[in-house]
Amino acid sequence: MKFVTASYNVGYPAYGAKFLNNDTLLVAGGGGEGNNGIPNKLTVLRVDPTKDTEKEQFHILSEFALEDNDDSPTAIDASKGIILVGCNENSTKITQGKGNKHLRKFKYDKVNDQLEFLTSVDFDASTNADDYTKLVYISREGTVAAIASSKVPAIMRIIDPSDLTEKFEIETRGEVKDLHFSTDGKVVAYITGSSLEVISTVTGSCIARKTDFDKNWSLSKINFIADDTVLIAASLKKGKGIVLTKISIKSGNTSVLRSKQVTNRFKGITSMDVDMKGELAVLASNDNSIALVKLKDLSMSKIFKQAHSFAITEVTISPDSTYVASVSAANTIHIIKLPLNYANYTSMKQKISKFFTNFILIVLLSYILQFSYKHNLHSMLFNYAKDNFLTKRDTISSPYVVDEDLHQTTLFGNHGTKTSVPSVDSIKVHGVHETSSVNGTEVLCTESNIINTGGAEFEITNATFREIDDA
C-alpha cells in the first residue's frame, strides 16, 4: 500500500485549512499585527502530490491579502462556497472601544477561482485585544454556523451564515476545547476539558450532557461520525497516551459505545478531522506527527513522523477521502494522498494475522470436540443437563397438574365417565351421602373421599354399589 506525500512553504505561519472541494485547499494565516513583512493571507491552492514539480503539486489559484495592521486569522471553515474567518482587527482600535469585526465572510467563486470579501461583524463588543475567535464551524450543508470565543467561560454563538445574524447565545461551563455539527446541522456538540454538551440548533436548548468522563482524561477534540454519534479525542493527564471514545447521543441519552487508547506515543493532539463517511480519523500530535485511525475498530493504522518542523495547527480531509492536508506555524503545508478506499483496506499483515488467529481457533475447537468424544463428555453433559434442568423444568408447579388437568375416572355400573379436578394440595370430602340411579344402578357416594393431588394419589373409601331391581 503506497502513500504519496509532498510539502510546500506557503510563506507565512498557517493557522487554518479546509478543503473547498476534492482537490482545492484553502489556507489562512499570517504574521499578525506588526508582522515585520510577513503578510496576513487567505490562499487557495489546487493540490496533487503525485505531480512531478512543486508548482504542479501546489498550484496557487487565488490569494486574498488582509490588513497588515490586523491580527492573523485564528480560525476558518467553509461550506458550499461560503468561508467564515475569525480574525481580530488591530489592537489599538479594540482597546479604544471602536469595535472589532472579528468574524469575516468570504465567497469562493469556483468558476473563476477567486476569493471575494463580503462582510464582517462584531458579536463580542470586547475592548480586550486578547479576546479572539477561537473556533469557527459551518454545518455540512452551510445552513448554520457556530463560533466560540477564547474567553473563560467561553461564549458560544449559533449564527446564520447567510447574513451573519445571531440565532442563540450559549453560556458555557468553561473553556470550549472544540465543537462540531451533526451531519444534518440540527445539533451542535461542544466539549470542555471534562464535559460534553449537546445543543439543538433549532431551539437552542440542551438535549444531552455527559460529565462523568474518566478523571485521567483531558478532552480536546470532537467530531460527529453520524447524526447520533460523536467521536471524542482525549489525552491522558498522567503519562503519554491518546484515547478515542465513541458516544451515542440518541434520544437525549449519552452512552459510551466504545473507548480505546489508540497510542501511547503522543502526549497530546492539536487537531482532528474525520472523513465524511465517518470511517477514518486523522490526528495531529504534539510532536508534529500525523496519525491515521480506522474508526471501525479504533485501530491506529499509520503514523507519519515529523510531518512538520513546528506545531501543526490544523488537519483536514478532502470530501472524497483522497487527501489529508496539514498546516503548520512553520509556514508549511503537507499533503498525503491516501490509497483508494483506505479506511476499509486490510493489509497483507492483517490478513495473515487474521488467518492464523482463525486457524488456531479451529484447531483448538477440533481438539476440544475430539477430547469430548473420546471421553464421552458429550453424553455426560447431556445426562447432567437432563437430570438437573430438564426434570426440574417438567416438575415446576403450575395452575394445573401435568397434562393440564388431573383426570379422575368414576365408574357407574358398566360405563365410565371422566371428570377433571383442578390440582390443589388435597381435597377432602366428609359425610357425603347421596343416592342416585343410573341405568338401573344405584350409586352411593363415598363416606370419605381424600384426593391428594400433590402426589397425584387418590383414596376412595366406603364406595357402595347396589343393584336396583327394575320395577
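Glycine is treated like the rest: Cβ placed from N, Cα and C.
Positions annotated as topological domain 'Cytoplasmic' by Swiss-Prot: 1-354.
The feature repeat 'WD 1' is assigned by Swiss-Prot to 259-300. Non-local neighbours of the repeat 'WD 1' (259-300) in the same chain are 140, 178, 218, 220-221, 223-226, 229, 231, 233, 235-236, 239-246, 306-317, 319, 321, 324, 326, 328, 334, 336, 338, 342-344; each lies 6+ residues outside the stretch with a CB under 8 Å from one of its CB atoms.
When Cβ-Cβ distances below 8 Å are used as the criterion, the repeat 'WD 2' (302-341) is approached by residues 1-19, 21-23, 25, 27, 29, 45, 47-50, 57-58, 263, 265, 270-277, 279-280, 282-292 of the same chain, each at least six residues removed from its ends. Annotated repeat 'WD 2' per Swiss-Prot: 302-341, in sequence order.
The transmembrane segment annotation in Swiss-Prot covers 355-373.
Predicted-model confidence for the topological domain 'Lumenal' (374-471) is 51, expressed as mean pLDDT. Annotation comment: Swiss-Prot describes 374-471 as topological domain 'Lumenal', evidence class experimental evidence.
Annotated N-linked glycosylation site per Swiss-Prot: Asn439 (among others), in sequence order, evidence recorded as sequence analysis.
According to Swiss-Prot, the N-linked glycosylation site annotation covers Asn462 (among others), on the basis of sequence analysis.
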